Amino acid sequence: MNKLAVLYAEHIATLQKRTREIIERENLDGVVFHSGQAKRQFLDDMYYPFKVNPQFKAWLPVIDNPHCWIVANGTDKPKLIFYRPVDFWHKVPDEPNEYWADYFDIELLVKPDQVEKLLPYDKARFAYIGEYLEVAQALGFELMNPEPVMNFYHYHRAYKTQYELACMREANKIAVQGHKAARDAFFQGKSEFEIQQAYLLATQHSENDNAYGNIVALNENCAILHYTHFDRVAPATHRSFLIDAGANFNGYAADITRTYDFTGEGEFAELVATMKQHQIALCNQLAPGKLYGELHLDCHQRVAQTLSDFNIVDLSADEIVAKGITSTFFPHGLGHHIGLQVHDVGGFMADEQGAHQEPPEGHPFLRCTRKIEANQVFTIEPGLYFIDSLLGDLAATDNNQHINWDKVAELKPFGGIRIEDNIIVHEDSLENMTRELRARLTTHSLRGLSAPQFSINDPAVMSEYSYPSEPLSYEEEIKKSTFIVHVRTRRILVRRRTLSPILIAVTPMPAITAGLM
């Protein structure tokens with residue numbers, strides 16, 4: 001029996017327990033989850049890609065089959081009404097025989113309009129959970145998406161079972177493979193469209209399989225927060241690359257973002273490295289008992305410090321925050337819950353009745369304000385951008401005088417930076433799935449080798465690897481340094497703690513392994 005099969009037993013027991021609790025509280029006979037229906041395009045005979053009801057796929061990994069139903073009361077084995085038509089035009093799904101099938105009483109549905117025979121006869125005290133209210137009404141349901149039931153399920157969706165965490169680790173593994181392929185395509189000078197194709201091939205996803213539409217942006221396009229266009233022609237000069245792309249496994253999402261500088265040199269490369277350090281520090285601040293909004297405020301402080309340190313704004317970090325300047329350069333929230341949905345539900349909830357957890361003052365548009373607790377999964381995605389419209393708004397204010405507009409003009413062609421990981425909060429530790437689950441290939445050991453002879457498991461441009469405390473055959477200063485690899489030029493730099501990087505090797509390195517940092 002595979003690991004997922006073992007974990008699934010506990011998962012279904014958890015869902016049964018939650019269902020039993022809410023139907024007792026609301027005096028219901030049960031809950032009916034509808035997977036959904038295919039939607040036909042207007043004035044056409046083709047359908048939009050099917051997207052399953054997330055509350056349905058919480059129960060089982062059936063994400064591509066409309067007209068399915070689950071009837072659950074928390075005590076009896078749930079009934080799965082599985083749509084399996086007679087159809088010579090399309091591929092018909094196989095009868096369920098995977099590990100999860102044993103946990104359901106399964107009845108096959110040949111025609112969608114025959115489902116009434118398989119649903120409870122008296123539906124007065126059954127809650128319908130789904131999108132198609134007109135279908136529910138026609139079938140005799142009176143309670144459709146009742147707010148107390150929805151709030152209860154949404155609140156508890158934030159607490160992942162071990163099965164769900166295992167699925168999310170797999171989704172991250174898939175996404176990491178895509179990111180590696182996309183990164184390599186960027187350094188080969190490919191177009192946005194070609195980079196997207198490399199990503200899809202590496203993940204073995206179609207665009208419809210992805211958890212969301214990928215953002216693949218080069219140069220100035222990195223400043224467009226939700227850039228979903230793919231230029232077919234490569235730019236004359238590659239400067240920067242921002243990729244926000246995920247994956248799907250059993251209906252669970254990964255959501256990863258990386259930013260690269262093409263040359264690995266210059267101020268934008270330093271800016272990327274600085275934002276990476278802040279992103280890792282913010283990830284490490286996740287802890288049970290904190291409000292997620294507190295991390296968002298700290299992120300603004302860090303962005304302000306970066307703006308000040310790089311002389312983009314001629315003020316101290318505290319002054320930049322006080323004047324509200326950071327919102328021009330960092331206009332979105334720090335992150336969100338992730339799970340069955342990329343922006344998973346329950347992020348604003350203070351309790352299972354649906355009470356709203358207020359955001360920090362001055363930040364009304366956050367996707368997550370909730371108290372952090374164990375078994376929750378978050379994204380952490382700080383950013384720093386040079387967005388024309390927001391810079392124009394800033395220029396029209398009194399804060400205009402504090403901006404180094406020449407520096408802004410130098411950095412605008414790079415667009416912006418965003419770095420994003422997916423993190424599990426445990427009772428006494430954190431698990432950064434994105435970084436800890438990166439693929440590791442065999443490398444030469446650092447121990448006892450001279451600098452030009454080793455390779456490092458780190459693909460990111462100007463990424464850092466602090467080597468073991470055991471000495472290399474170099475002077476003490478070098479022992480305390482950080483080695484930096486630029487994968488396109490395959491040069492090794494060493495960054496001393498107080499000095500600028502110096503080149504210590506220019507000869508070709510052994511093959512650099514491919515992970516994601």
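These residue numbers are counts, starting from 1, taken along the chain as shown.
Glycine residues also receive a Cβ, built from the backbone N, Cα and C atoms like all the rest.
Going by what Swiss-Prot states, the Mn(2+) 1 site holds H336, E381, E420, and the candidate of D209, D231, D255 recorded there is D255. Swiss-Prot annotates D255, E420 as Mn(2+) 2-binding residues; of D244, D406, D428, the candidate listed for that same site is D244. For the Mn(2+) 2 site, the Cβ centre of D244, D255, E420 serves as reference, and the other residues of the chain with Cβ at most 8 Å from it are I215, A245, G246, I256, T257, T379, E381, R418.
For the pair E381 (Mn(2+) 1 binding site) and E420 (Mn(2+) 2 binding site), the Cα-Cα distance reads 4 Å. Taking each Cβ in turn and tallying the other Cβ atoms within 10 Å, the top scorer among the binding-site residues D255, E381, E420 is D255. Distance between Cα atoms for D244 (Mn(2+) 2 binding site) and H336 (Mn(2+) 1 binding site): 14 Å, as a whole number. The Mn(2+) 1 site, placed at the center of the C-beta atoms of D255, H336, E381, E420, has further neighbours from the same chain whose C-beta lies within 8 angstroms: D244, I256, T257, G335, I338, V342, T379, I380, D421, N422.
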